[in-house]
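Chemist: Among the features that TrEMBL reports, domain 'Major facilitator superfamily (MFS) profile' is placed at 71-532. The transmembrane segment annotation in TrEMBL covers 109-127, 162-180, 187-208, 220-239, 251-271, 327-346, 366-386, 406-427, 439-461, 467-489, 501-523.
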Amino acid sequence: MSSPYIKALVSPTSPLMDSLSAIPSRLSDVEDPPIDQIPYAVNRRPSLEGTISDVKDLKEEPGTRRQSISTIAVHHINEKTDEEESFLVDWDGPEDMENPKNWSNSQRWYITGLTGALVFNATFASSSPSGIIPQMKNTLAFQRRGPLLWGPLSETYGRRPIFIISFFMSTLFQMACALSKNTASMLIFRFLGGCFAASPLANSGAVMADVWDARIRGKALTVFALGPFAGPALGPAVGGFIGDSGASWRWLFWTITIFSAVVLILVILTLPETYAPTILKRKAKQRRLETGNDKWHAPLESVSVPLTERLSEIIGKPFKLFFQEPMLFAITMYLAFAYGCLYLLFEAYPIVFQEGHHFKAGIAGLMFLPLLVGSAIGCLMTLVYYDPQYNALCDQYAPNPVPPEARLPSCIVGGVFLVISFFWFGWTSYPSISYWSPMIAGGAFGLGMQLIFLSLINYIVDVYLSVAASALAVTVIVRSVFGAGFPLFARQMYNKLNPRWASTLLGFITLLLVPIPILFVRYGPYLRSKSKNMPAASRDTVVLPSRKTLPKELEV
C-alpha cells in the first residue's frame, strides 16, 4: 500500500464525534438502550439536541479524550432529575489521577509488561509439552473455552479480580498436571488449566485500551505482543531438553506451576484495577462512606440488570458479535487460521527436523527460535515504520480520531510474508538441503504472524471500543479451537502429502486470506456504518478517496 493511501484513508470526522469517540469503556450492560450507543443517540435523535452544546463544551477543554460523558448518557437513559444527576460520580476533571489514562508512563508500561507476561505464561504452558510427548506416551490436545466468560466478565466486574481468580485456578491445575497419575486426569487438568489461563488472552488487549490512548496504544500492543509468540517459540525447546536430559516429564509441569505462581503474586501485589466504570463504582462507594449520603452513585450502578439477563449477556455477547459482525467474523477466521498454523508446526517441525535431519527433541525445539526473532523484527518494523505513520495521521486528523483502517497496511504486508514462509519452508524441507533454510523460513512466518496480529488486534480495539473485550474474547475462542484442532490432523497431512505439498496447500489457503484487509481498507467504512453493535463513533461513515483525489500535499 502506497503512503498516500496510508496518510489519507478518510476525511476527518466532525468535531462533535471527537468528544464521543474516546469513551474509555462501557458504563454498564444496559439493554434499553445500550450505554455504548448513547453517543449515537446524542448525535442523531432530535429530542436530545440540547446535549450537543454540552458535548462541544467538553471537546474544547484540554484532555477531553480522558473525560467521560456518562453524566449525559445516564441522564437520558434514566430521566433523572437535576438533583439526582448531581450525585453521579465522574472523574474530577480531565487530570484526575484515578483515571487510568492519567497514570504515570512508568506505571502504564509496567502494566503492559505484566499483561504480556501473563500471555507468555499461557502460551508457554500450552506449547511446552510438545517436547515431552514421547515420555508421556500420549498426545495432549485441549481447547480453551475460558475467553467466552473472561472478556464479558471483566466488563462487568473489572479486570483485576478476573485476572486473580483465573490465574489462581490456572496455577492449581498446572500443579495437578504435575501430580497426575493417568491419562484421563491429565487431559482433564490440562483442559481446565487452559480454560483459566485463557483469561489474559481475552482481557490483555482490553487493558491496553484502558490505560493508553490510540496514539500510544499501538506501541504498547507491540511490546505486549511478544508474549503470545515467545511462548510457542521457547516452550518446545524447554520441554525437549527436559525430555532429553532424562528428567521426569513432571518437571516441566512443576516449572510451569512455579512460573504461574510468580506471575500470580505479581498480579496480586502490583496490578491495579484499570477498567474505568469499576474504578468509578469504587469511587462512589468511598464517597458514600465519607459523606453518609447514599445518593452518590457510579454509572455502573445507575441501572439494575436482572441476574438472568446479565448471564445471558456474559455468555451470549461474544458470539452475538461474531455472527452479527461480518468484519469481526472475517478478522477472526484470518487470525484463527494463522494461529492454527502456528500450532500445526509443533507436528510439522518434528517430521522435518527430527525424522528428516535426525535431531534430538531439544535441538529440534531450538528450530522454533526464529519464530521469536521474526516476531521481534515485526515489532521493530511496527515501532520504527508503522507507528510513526499512524502518529502523523493523529496529528493530521486532530482533534478527531484516526479512521481504524489506518491500522491495516501492516496486515497486508504480514499476509504476504506468511504466504512466502509456507512455500519457503515446504520446498526446502528435503533432508538433503541444509536445515538452516527451513529454520529461517520460520522467521518469515513469525514476522508475518506478528504484523497480522498487531494490525488486526489494534483494528478490533479501534472499531469496537467499549465492547472490545467481548470482540477479543470470541477471537481468542475461535483461534484457540483452531490451535487445538490443527495439530490433530497435521501429522497425517504431512505424512500423506509430504512436507512439500502439505506446506504448499497451507500457502495457497493463506494466499486466499490476504485480500481480507485490502477489502476492509476499501469497504470497511461502509461495513462499519451498517453495524448493529459498534459504538457510534465507529459507525460514522467515511469514504476512502481515490489516488486521483488526494490533496497535492499528501502526494509523495
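Using N, Cα and C of the backbone, Cβ positions are placed for all residues, glycine too.
Unlike curated entries, TrEMBL annotations are predicted automatically.
Locate each feature and note its surroundings.
Modeler: Residues 108-109, 112-113, 115-132, 201, 204-205, 208, 211-212, 252, 255, 342-343, 346, 349, 361-362, 364-366, 368-369, 371-372, 375-376, 379, 382-383, 387, 446, 449-450, 453-454, 457-458, 461 of the same chain, all 6+ positions outside the transmembrane segment (220-239), place their C-beta atoms under 8 angstroms from a C-beta of that stretch.
Sequence-distant neighbours of the transmembrane segment (251-271) (same chain, 6+ residues past either end, Cβ-Cβ under 8 Å): 110-111, 114, 117-118, 121, 124-125, 128-129, 131-132, 160, 163-164, 167-168, 170-171, 174-175, 177-178, 197, 238-239, 242.
Within the chain, the transmembrane segment (327-346) has long-range Cβ neighbours (under 8 A, six or more residues past its boundaries) at 127, 130, 232, 236, 321, 368, 371, 418, 422, 442, 445, 448-449, 452-453, 456, 459-460, 463-464, 471, 474-475, 478-487, 490, 506, 509-510, 513, 516, 520, 524, 527-528, 531.
Listed by sequence, the residues of this chain that lie at least six past the ends of the transmembrane segment (439-461) yet keep a Cβ under 8 A from its Cβ atoms are 205-206, 208-209, 217-218, 221-222, 225, 228-229, 233, 328, 331, 334-335, 338, 341-342, 345, 353, 367-368, 370-375, 377-379, 381-382, 404-405, 407-411, 413-422, 424-425, 428, 468, 471-472, 475, 517, 520.
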